[in-house]
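Residues or ranges marked as region 'Disordered' in TrEMBL: A:1-29. For A:10-20, the entry in TrEMBL reads compositional bias 'Polar residues'. The transmembrane segment feature in TrEMBL is assigned to A:37-54, A:74-97, A:109-130, A:136-155, A:167-191, A:221-245, A:274-295, A:301-317, A:324-344, A:364-381.
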Amino acid sequence: MEPPPHPSPVDSNVVDTQAVDTKAETKRPPAPWRRPLWIAVGVALGLAVLSMVSRDGGGIDLLNALVRFANFVVIPGISYGCQLGLGALGVTLIYAVMRFSDFAHADTMAFGAMGVILATRVLQGMGISAGPLPTALLALPFGILGAVTLALVFDRAVYRFYRRQRAAPVTFVIASIGAMFVTNGLVRLIIGPGDQRFADGDRFIIRVQTFKEMTGLSEGLALRTTHVITLVVAVMVVLGLFVFLNRTPLGKAMRAYADNEDLALLSGINPERVALWTWIIAATLATIAGTLYGLDKSFKPFTYFQLLLPIFASAIVGGIGKPLGAIAGGFVVAFSEIAFTYPYRKILGYLGFETDSLVQLLSTDYKFAVCFIILVVVLIWRPRGIFQGRVI
Amino acid sequence: MDPHPISIYSRLTSALGSGLVALSLCAATTPALTQTDKAVKIGVLLGFTGPIESLIPPMADSADLAFKQVSDSGQFLDGKTIESVRADSTCIDAGAATAAAERLVTSEKVVAILGADCSGVTIAVANNVAVPKGIALISPSATSPALSTIDDDGLFFRTSPSDARQGKVLAQVIKERGYDTIAITYTKNDYGKGLSESLQAGFEALGGTVAISTAHEDGKGDYTAEVAELAEAGSDLLVVLGYADQGGIGIVRAALDTGAFEIFGLGDAMYSPTVLDSIKADGNDLTGSFGTVPGNEGEGVDAFQEIVTPVGLDGQGPFTGESYDAAALMALAMQRGGEATSEAIAANMIAVANAPGEKILPGQLDKALKILAAGGEVDYVGVTNVELVGPGEAAGSYREYEVQGDEFKTVRFR
């Protein structure tokens, strides 16, 4: 569980990426083989597409297959991936700076989203809305304020004590489990254990029926407002975070503190200030992730509690301590969960492979199992994740 | 002894819990404390929290209404009153329901229990508490066919019909509406499994095909994957045998969003206004979807409406009539047996529910009590036209409903 003495936990674009490249170089096929390999793959794919399109109505069938795939796999996968990625970003940040896995993070997401819901209700009551966009976007600052307050209270009341004791990471982890239960209880106490729907504004950008009429295809595609909002907000937040970590003095201080605590302290970085800002950023990320998830799906305290596993899987797959890894990990986990449990029967039917079986790798009951499998596989064969984060 | 942190925690919570219970008891039973010898305690074990929490309050209030009428009549066992003690069955957590029932019996000393609501917890309570302790258990809403065959020592009754029958009725409704191939998704518990099996058997017996039948887990945020699976099988209709507050509505929402299905067949637990409201809030439309729910028409329903309207209760809600009937039957059975015990309930339940005797409608409980006190016989008709058959369960009639705009319209009774 102990991290190695001098790892580089936060992604410092310049130095680290090169290091990763040279390491990764050794595992890929030797350079002269790469181009023919890609050409061969390209030709094979081209031939496959050609043979399908040349059948009767093949072009339309191929489009239908693509639309169906987009409707049930790609679009849900992208928005779920963004939500997981934002969640994992917070976990990874806390791990990098505070050096422990924050089990309370999923519940912080619920707490933040709860604040947003309550503020949304107030705004709606005052007749304020964001037009076609959900009112929740306006309420976001209030939710963030709530979650940040909660995180800082926990930091002052619990984590600071252990930080001064220089307690082992496992002590922090156990303390965070305590924080998880407290947060969990608070959320249920304040807003109740039930389902909350707070999405308003226009629900759809493209409806299935409209899409069918527009294109004349037999498969429809639904694009919900929340899908687009999730993607746009996630991209903005991630860009903002990267600029912060790489360009601002405070971001650099955080990375330095994450890299080597002793050296950072010697060079005059105030650890309390770093901790303060880490919690503020992590709680902000958690609230945004929680709100996007709640808008897109639905808010229920227990569902958020269950998000903990995929979020940790994402952070670890990406390489814990690596912000870029958290995003990549989020997409890997989201797409694996969906793609492994999706039945491909109709899509294959469109492509000319009629079959009676559902062509489903795993039943949807095993969604969680996919997370576990990914975790086990990664921890055995690539313990530092895609982006070579820390070993935990 | 080294106090383990967890045991401290559980001790703390149990101490806190019993403190709270004591407090709430003080609040709830102040009038009864002065007349302890006159009050007969009956447990009301329903899912006040959990997947059907929105259905429960009217059910519990209906039961309390019957108890109140019995108490107010002054005829019950020479002027005794009934005091109900509520406990949470959670609908899904068998452990919690068993503990709650245990508490009702051992610390509250209830005479009998009205409940539980969902089939799984009802089976658990029957096996772990009611039968071993000899407590009569009368459920207003547990409908699993499995409850017809449990080893209950004659202590378990229900005023709701077994799903073995609902499955058949629903199959008939679907077939008559011209569907030949259906997909079924059911909530993963005894209720969902029992109902889906009887629906599948019934539908296949009518010559239909069930393309796929899968369970769905409650409490997920998103059901797109489940809907994709159901849509792949290729069928015209999706039958959702789930809960209105849980996976059931999640499935309907995801299916409408992705355009996988437009018309749904719905089980009784989906008959809730919240379904219509939230689907409408999504900008979708459920018009044309249909289903079945235990229910009937006639004098009983009208009489029930008359007594619930003044007290501001919704008598149309699912299982409210069954709850009232269960409560009334418990009181009448005790009256016929002449004592407030579970044995009296178990021995006299069928006699008061079925012919022969004077027909009793809701609101006429004082009359029934008087007849029984004089040694006469009653045939309790109640709200739902109760007729206990087989091992003490309602024969049951069903209402076929259809969604039109934003309300459930009754098509007919079967």
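Any Cβ shown, glycine's included, is placed from N, Cα and C.
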Beyond the flanks of the transmembrane segment (A:274-295) by at least 6 residues, Cβ under 8 Å:
79, 82-83, 86-87, 89-90, 93-94, 97-98, 102, 105, 108-113, 115-117, 134, 136, 140, 143-144, 146-148, 150-152, 155, 159-160, 163, 196, 198-199, 226, 229-230, 233-234, 237, 241, 244, 250, 253-254, 257, 264, 304, 307
Cβ-Cβ under 8 Å with the transmembrane segment (A:221-245): same-chain residues at least 6 beyond its ends:
10-11, 67, 70-71, 75, 78-79, 82-83, 85-86, 89, 132-134, 137, 199, 201-208, 211, 251-252, 254-255, 281, 285, 288, 292, 295-296, 323, 327
Against which stretches of its own chain does the transmembrane segment (A:74-97) lie, if we need a Cβ under 8 Å and a gap of at least six residues from its ends?
9-10, 105-106, 108-109, 221-223, 226-227, 230-231, 233-234, 237-238, 241, 254, 257-258, 274-275, 278-279, 281-283, 285-286, 288-290, 292-293, 296, 307, 310-312, 314-315, 318, 320-323, 325-331, 333-335, 337-339, 389-390, 392
Would you say the transmembrane segment (A:301-317) and the transmembrane segment (A:109-130) are touching, if the rule is that at least three C-beta pairs must lie under 8 angstroms and be 6 or more residues apart?
yes
Residues sitting near the transmembrane segment (A:167-191): Cβ under 8 Å, six or more positions beyond its termini, same chain?
1-3, 98-104, 106-108, 110-111, 114, 117-118, 150, 154, 158-159, 301, 304-305
